[in-house]
Amino acid sequence: MTMKTLCLSLIVIGVLILVAVKAEDYVNINSLEEAPEENVNINNLEETPEESRCIQRHRSCRKSSECCGCSVCQCNLFGQNCQCKSGGLIACGKK
């Protein structure tokens with residue numbers, strides 16, 4: 001293989017891995033039965049089964065451990081308006 005082919009192959013593999021990681025955040029089997037509310041009440045999470053105790057992306061949160069998958073809880077400069085957002089490949093697995 002030439003260097004150009006090798007580099008192109010590595011880029012394609014990297015993109016495929018990134019797409020697979022991002023798809024994990026969008027697919028939540030528990031969410032197929034019932035759509036989540038716009039503003040999630042943290043107290044109501046305790047009444048649900050263990051598997052669905054996470055907040056999906058773009059929903060309000062208070063800490064990163066509440067967010068599903070590789071999402072992290074990000075707030076604005078003043079520590080308000082916190083939402084679960086994609087943490088990227090680096091944040092995946094860290095809570």
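Cβ coordinates come from backbone N, Cα and C, glycine included.
According to Swiss-Prot, the features are:
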SIGNAL    1-23  signal peptide
DISULFID  CYS54-CYS68  disulfide bond
DISULFID  CYS61-CYS73  disulfide bond
DISULFID  CYS67-CYS84  disulfide bond
DISULFID  CYS70-CYS92  disulfide bond
DISULFID  CYS75-CYS82  disulfide bond
MOD_RES   CYS92  cysteine amide
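Checking each of the disulfide-bonded residues (CYS54, CYS75, CYS82) against CYS67 (disulfide bond), the C-alpha distance stays within 10 Å for CYS54.
Between the C-alpha atoms of CYS73 (disulfide bond) and CYS54 (disulfide bond), the distance comes to 11 Å. Reported as a whole number, the C-alpha separation between CYS68 (disulfide bond) and CYS84 (disulfide bond) equals 8 Å.
The Cβ of CYS54 (disulfide bond) has GLU66, CYS67, CYS68, GLY69 as same-chain neighbours under 8 Å, each 6 or more residues away in sequence. A distance of 6 Å separates the Cα atom of CYS84 (disulfide bond) from that of CYS61 (disulfide bond). The Cβ of CYS82 (disulfide bond) lies under 8 Å from the Cβ of SER60, CYS61, ARG62, CYS73, GLN74, CYS75, each on the same chain and at least six residues away in sequence. When secondary structure is read from DSSP and collapsed to three states, CYS75 (disulfide bond) falls in the coil class.
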